[in-house]
Amino acid sequence: MSTVKEKLIENLIEEDKISQRKITIVGTGAVGMACAICILLKDLADELALVDVAVDKLKGEMMDLQHGSLFFNTSKITSGKDYSVSANSKLVIVTAGARQQEGESRLALVQRNVNIMKSIIPAVVQHSPDCKMLIVSNPVDILTYVVWKLSGLPATRVFGSGCNLDSARFRYLIGEKLGVHPTSCHGWIIGEHGDSSVPLWSGVNVAGVALKTLDPKLGTDADKDQWKNIHKQVVESAYEIIKLKGYTSWAIGLSVTDLVGSVLKNLRRVHPVSTMVKGLYGIKEEIFLSIPCVLGQNGVSDIVKINLNSDEEALFKKSADTLWNVQKELVF
């Protein structure tokens, strides 16, 4: 006897079961789920897979998203503890890791999260050998290096969310000070995603007007408007949010989704993401730091060669030294 489905639908051809824009998110904590909902609402994936060790929470998050399927255009949402669920992903986003505690620097997290990466990355690569990997877990620059080493993938296909969020915060705060929307305020933060990040005051502009031409002291101690406090706010903002609500989630979820769009749509937009900087600006070690990168379907296809002034270059090198002093002690 025919089923209702058989009476209703006649199959004509077998469809290709391999997704064209499959995304896997490893880690379904606050950051992972913020990434998930932003990606779904932007219609960036035709399949979304969630992976976590907390099986009950994982199933609950999957069901909660599936029940909202009417309101977005991703046809398949799956989850599992086993990495086979991530097979054939175009992009794997790693958010798993120990959460940063109130007052804890991102660098203090490092060895705990290195050990977590060792349990994740080989399985990811086994099931998706052609994927790009976007690392979000903190400290993101060092963990991007660790993932690159563990994965065996080309450095161009492993990149960290890096200073994309720092730069977004920077532009928001500049806009607040000027009364202008952040999309019209242009400025970059490079280096470490964290305490030693480097604001490029020399490039800050609105409508092509460099603020440094209006006040050469902009961003320095001699600046009467104290613009340097904006960078201080950028550095301290995550700590403040963690103190207030326990974690950060929404802004990083939006920032990651911004990067995902550039990769899956092959937009070739320029983002400050964490990439290999050995050989740049006098850096001799295998360090990952944020510099402006062209992001597309192959990952990081190009870097933009910024002309740093002497102060900016010194700060960038200091940022590299800060990370190297931690990174060289890692065991993995």
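Numbering starts at 1 and runs along the chain as it is shown here.
Cβ coordinates come from backbone N, Cα and C, glycine included.
Not measured: the values here are computed from a predicted model.
Database features (Swiss-Prot):
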type: BINDING; residues: 29-57, ARG99, ASN138; note: NAD(+) binding site
type: BINDING; residues: ARG106, ASN138, ARG169, THR248; note: substrate binding site
type: ACT_SITE; residues: HIS193; note: active site, proton acceptor
type: MOD_RES; residues: SER301; note: phosphoserine
Neighbouring CB atoms within 10 angstroms of the CB of ALA45 (NAD(+) binding site), all protein chains considered, total 28
Check: min Cα-Cα distance from MET33 (NAD(+) binding site) over recorded positions ASN138, HIS193, THR248, SER301 goes to THR248
The recorded positions listed are ARG169, THR248, SER301; by CA-CA distance, the one closest to VAL53 (NAD(+) binding site) is THR248
Is LEU41 (NAD(+) binding site) helix, strand or coil when read with DSSP? helix
Please identify, among the recorded positions ASN138, THR248, SER301, the one with the smallest Cα-Cα distance to LEU41 (NAD(+) binding site). THR248
Whole-number Å distance separating the Cα atoms of the residue listed as 'active site, proton acceptor' and ALA45 (NAD(+) binding site) is 27
Around the Cβ of ASN138 (substrate binding site), the count of other Cβ atoms that are within 10 Å: 29
